[in-house]
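Since the structure comes first, as structure tokens, the remarks are kept for the end.
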């Protein structure tokens, strides 16, 4: 029989996500008695979340006791609850260990005593004591043991009993809710991920203050830790400190963040913020709970930040009309809104090895294209819910011979909350067909689709999907796209479909550079492999072996070998890539592409990584309908107001707006106040929080002008920029860039310039590096597609 102990950690779970196990079997009480249902609006309104607001507190306490007593009695009568009637002290063997765990013993007898004495002024306090009792048991018993499973069964039974009582009292629910547990990035060479609820090794550099412990922590998954040298590793290339292996300790990635509450300004009831679908930025007049609105006939406040109120575009009008026509034919009253959130002109920057190898044959270093993000919403129960999104790349006539008049569906994601369920797949297909139809009308000839299923636990655009949403396998996803394109053929949108190998053979491709290249696509890496197969692997052992063999004469890849490798790879992955022809090959009069929609950049959704990372940081989950509604509410406000910019940092000590950033740490920022009191081992760079359009001081403008002049000046000596040239040369040679005062000042000036620079091939020192940093981060992310396309 297991022991009961107290827990110092919090286990809070949404019943719709992050479950520990399958729903346990029903429990049978000794005497089955129905839960009382006698209540009224007047009596329930007297029992509040923060206090008792009845004319007589004793009367309110009695009313609350009348609602809670049947719940306690029914749980007490359960045979399985006998172990929880009285707290059992640990036995002598485990007393020393468990004494360190037990913080606050709790059992049903204590709860009954507190209830009789009127200690509970709110039903949430009653729930918290039950949760503490469950936590004690979970912590003291091994996961998978009979006692652990029994506790989970009782937890579910309590929630089922308490839920209706909480609703009668005017609260949202009786669930103990937390956000989905997130994976942690491993600091090992492979940069793998430490999934939630798995063990890992962690270390904090000795001697650091508590304020820096959060960011000066090194985490390794168990396999990477086992391969670490016995003597430890360096903190970073610029940080000579040694992280010793014996300083690591084993822990578990089990930390959960509880959902916050909002307190009603009229009755002081506490509601989960997400249950109430409330955001103080959207509704600035304060929180009024739905119970008070219903009892006092207060109308629901108007949301001025909906997707419907965002400006439309010609593309969104076209897709939305097609979807609404489809729904009308199906006699469905579903309300769907389509919006193009971002339209930006950017460039695909090819790898230096490709340009060096094939630049003399006409391969450009950069390929211009237009990126668009398209989001779909549905109004469900009066609230908008974002359920579908995809990112596309459009290459017009000026994108080079191989890429011109082509579109690439780069990323696509969906959440299975659309209603009715039977029309879900049809709506997805109409959205995609509507886009292909619009692109065809503009003058695009070819469309490319990469059908790649998601990795386990990966997200694509939406942060966290419902547990019930099944992720397709390769074959099922490919089959889904085939059905989509067959429907496109029948409607005249699609002329023909080939796999990537068949298309390469039809085009008589004789060189890797004759293939179309897209940003984030599979082919650039394939072509890189064709040039140098040894660069394909990132295995450290392979790198060591390569260095050992460096004395051997290298053999350059011959043209015939490169094309053979290309076709071999295309053969291997041909089913993953669809090449769709939108216009006949013999069509002579193809219209000039003239996109009527102007460029509209929004940092939050310009790239899918921006939106995904922002959603993770702010817990914008789509793991259930209630969370999808709340996340859509916050998204709408961010899109209307322009918040969520990448330039918005928060201080890691006090959470205020940060003004200083560390380029040596993975993510460390400080505000002005904390910078004066907190010692950081690395140099900090001032964050420029001004918009590009805001005026700078005359001194800053003068410094920028000197920097820009010095980067192209050939005069020796130059009286205007001589010192800047010396600083730049110093930065190229300095071995202590991260701690050098001169280097950090010139870097700060370069960052200031790069933020405002619009020149494609700017020659200013570090400008291209800083502007390409974000692009390299996107390329480093592995491509995943997370959707519920399979009906």
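Using the three backbone atoms N, Cα and C, a Cβ is placed for every residue, glycine included.
Residue ranges 469-491, 492-514, 515-537, 538-560 are listed, and TrEMBL annotates 538-560 among them as region 'Disordered'. If you average pLDDT over the domain 'CBP/p300-type HAT' (304-644) in this model, you get 89. Taken residue by residue, the domain 'Bromo' (101-148) breaks down under DSSP into 30 helix, 0 strand, 18 coil.
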